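What TrEMBL records for Asn61, Asp121 is Mg(2+) binding site. Marked as transmembrane segment by TrEMBL: 12-31, 37-56, 68-86, 92-110, 117-137, 192-211.
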Amino acid sequence: LSKRTKFAFQWVLAFIVGYLLYGPLGIQFIHIPVINVIINLGVLYIPFAAFLIVFFTNAFNFTDGLDGLASGLLMIYLFAYVIIAVEYLDTPLFVFIALWLGAIIAFLYFNTWPARIFLGDAGALSFGAMIAVIGLLTGNIAVLFIIGGIFVAEAFSSLIQILGWKILKRKIFPLAPIHHTFLAIGWEEPKIVMRAWLVGIILAVFGLWLATI
């Protein structure tokens, strides 16, 4: 399948999931922490959810470029959301996340450097969509972007690189996504992955704090 066809399928599936969240599950709000405001999006929740699903689907795929990078960050993300599910007393969400967490821990054992198994496009896209869905189920989008901050950074580094080339006719980064830039300046793959995990843990702790206020 061409990239355009895959992208179109992503949007179709994302709108279906957005409708299921809005319709059968009745989710149509987002929560803004700190100021503690809840915004009811109504039917606009469907395209909003679809956008987030497509964004994180591709963000995770961009991140899946080094052994253990994306899968390790996903494990940290899921650990954080397991705690959030317990805090919210949401048993179905806890079970849903715990199942994914068990799967990614088993996968990560074989995916760390030097990796013996890989996600591939199907796995990466599925996990990326799942990241967005978990965030949408909690309704706290700010926390989603903070705990998933490395995925967001990888996606935006690629977007900035594309816009820089099209508008300014030059590269903003030596390579994109951003982890390729660190490779280009001489960092070894395990070093990049470990540093990313550390940043991911810091973001997860901050996100957990934000989810409780």
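Backbone N, Cα and C define each Cβ position, glycine as well.
Automatic prediction, not curation, is the source of TrEMBL annotations.
Because the structure is a prediction, the values reported are computed rather than measured.
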Within 10 Å of the Cβ of Asn61 (Mg(2+) binding site), how many other Cβ atoms are there?
21
Residues near Asp121 (Mg(2+) binding site) in space but at least six apart in sequence (CB under 8 A):
Lys6, Asn61
Compare 37-56, 92-110, 117-137 by their Cβ pairs under 8 Å to the transmembrane segment (12-31) and return the stretch that comes out on top.
37-56
